[in-house]
Amino acid sequence: MSKEFEVPRSVEWEENHINILNQQKLPAETVFEHLYTKEDVYDAIVTLKVRGAPAIGITAAFGLALSAQDIETEDIDVFKQEVIQIKEYLNSARPTAVNLAWALERLLRRIERAASVNAAKTDLVHEAIQIQIEDEETCRQIGQNALQLFKSGDRIMTICNAGSIATSRYGTALAPFYLAKKKNLDLHIYACETRPVLQGARLTTWELMQGGVDVTLITDNMAAHTMKEKQISAVIVGADRIARNGDAANKIGTLSLAILAKHFQIPFFIAAPLSTFDVSTKDGSDIPIEERDPLEVKEFNGVQIAPPDVQVFNPAFDVTPHHLISGIITEKGIITSNYTEEIDALFAENISL
């Protein structure tokens, strides 16, 4: 690991298991766990031991490749049917992050013409590893493209964690901050805590500090005051799914930041790879929004903080309409207007996606 980049990887492929950084333990402990079965992988995704759209996709791809090694048949058609069943099981872990389905579908395409079970098993492993390799370069390029939007001295706000541990390396929304550090550009980050699971407080501040990036933590309800008093230059966030018209689903609270940024005339950017786009989804109204366990809101670290019988509404994501977005930063460039047309053109140029 390079001296200027000290953030551990969130997921790695091993000979007979998957090694993950348990993000539920951060920042108090840095704990790595081994996943051996598809059930282990499913549980790790559902319980947020692994989270972040690209990291979820990589982990699921590894999970499919790993589980396929245990399929006992020499019939390639039977093998493919069992792989499809594993794919459908893993795909049900989280409904909003489109990278999950994208990665699994990519593995299925890889073995469409496989002549033997052994060849298919090898191909699945190679393709899953290739997804991780490509994601690192994709994130680095997103960071390079985003960096041109900022100058030394800028104060930038973010929410949730769209960083290195949410991807293979660097992250999406946080990628420019690591690259800025390497180039000695002075950027200061304001990280919203991100209730109720506190990904901003627990993960973003932790990894930015690991990487030597200047960061200040704020509570979510301090965002407006901070934008005004600290003269925030821009807001940059990640995304879990982007519709064809540019509407973007991201962690709950993102929409609030976009509305506030519009009020204060602050640029609001989404940073995401092309694999996060779902061109089959016309607009944000068609994006499924995951609702999570009410205990995430009623308890903190096992301690009750609300009446046990109170009703809870706990959506994990919200959708920011494209008209509130100043630009979508991808590995292929920055989309700044006419989102449907530009997204269509982008995918026409990259038909393999």
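For all residues, glycine too, the Cβ spot is worked out from N, Cα and C.
What Swiss-Prot records for this protein:
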type	residues	note
BINDING	Arg51, Gly52, Ala53, Arg94, Gln199, Asn250, Lys251	substrate binding site
SITE	Cys160	site 'Transition state stabilizer'
ACT_SITE	Asp240	active site, proton donor
If you measure every Cα to Cα distance among Arg51, Gly52, Ala53, Arg94, Gln199, Asn250, Lys251, the residues said to bind substrate, what is the biggest one in Å? 17
In whole Å, how far does the CA atom of Arg51 (substrate binding site) lie from that of Cys160 (site 'Transition state stabilizer')? 11
Using the Cβ centroid of Arg51, Gly52, Ala53, Arg94, Gln199, Asn250, Lys251 as the reference point for the substrate site, which residues of the same chain not in that list have Cβ within 8 Å? Ile56, Ala97, Cys160, Asn161, Ala162, Ala166, Gly238, Asp240, Ala316, Phe317
Around Arg94 (substrate binding site), how many other C-beta atoms are within 10 angstroms of its C-beta? 24
10 Å Cβ neighbour count around Gly52 (substrate binding site)? 30
Cβ distance under 8 Å to Gln199 (substrate binding site), same chain, sequence separation 6 or more: which residues? Arg51, Cys160, Asn161, Lys251
With an 8 Å cut-off on Cβ-Cβ distance and a minimum sequence separation of at least 6, pull the same-chain contacts of Asn250 (substrate binding site), or say none. Ile159, Cys160, Val237, Gly238, Ala239, Asp240, Ile270, Phe317, Asp318, Thr320
Taking the Cβ of Lys251 (substrate binding site) as the centre, count every other Cβ atom within 10 Å, in any protein chain shown. 27
Sequence-distant neighbours of Ala53 (substrate binding site) in its chain (C-beta under 8 A, six or more apart): Ala97, Val98, Asn99, Leu100, Ala166, Gly238, Ala239, Asp240, Arg241, Ala272, Thr276
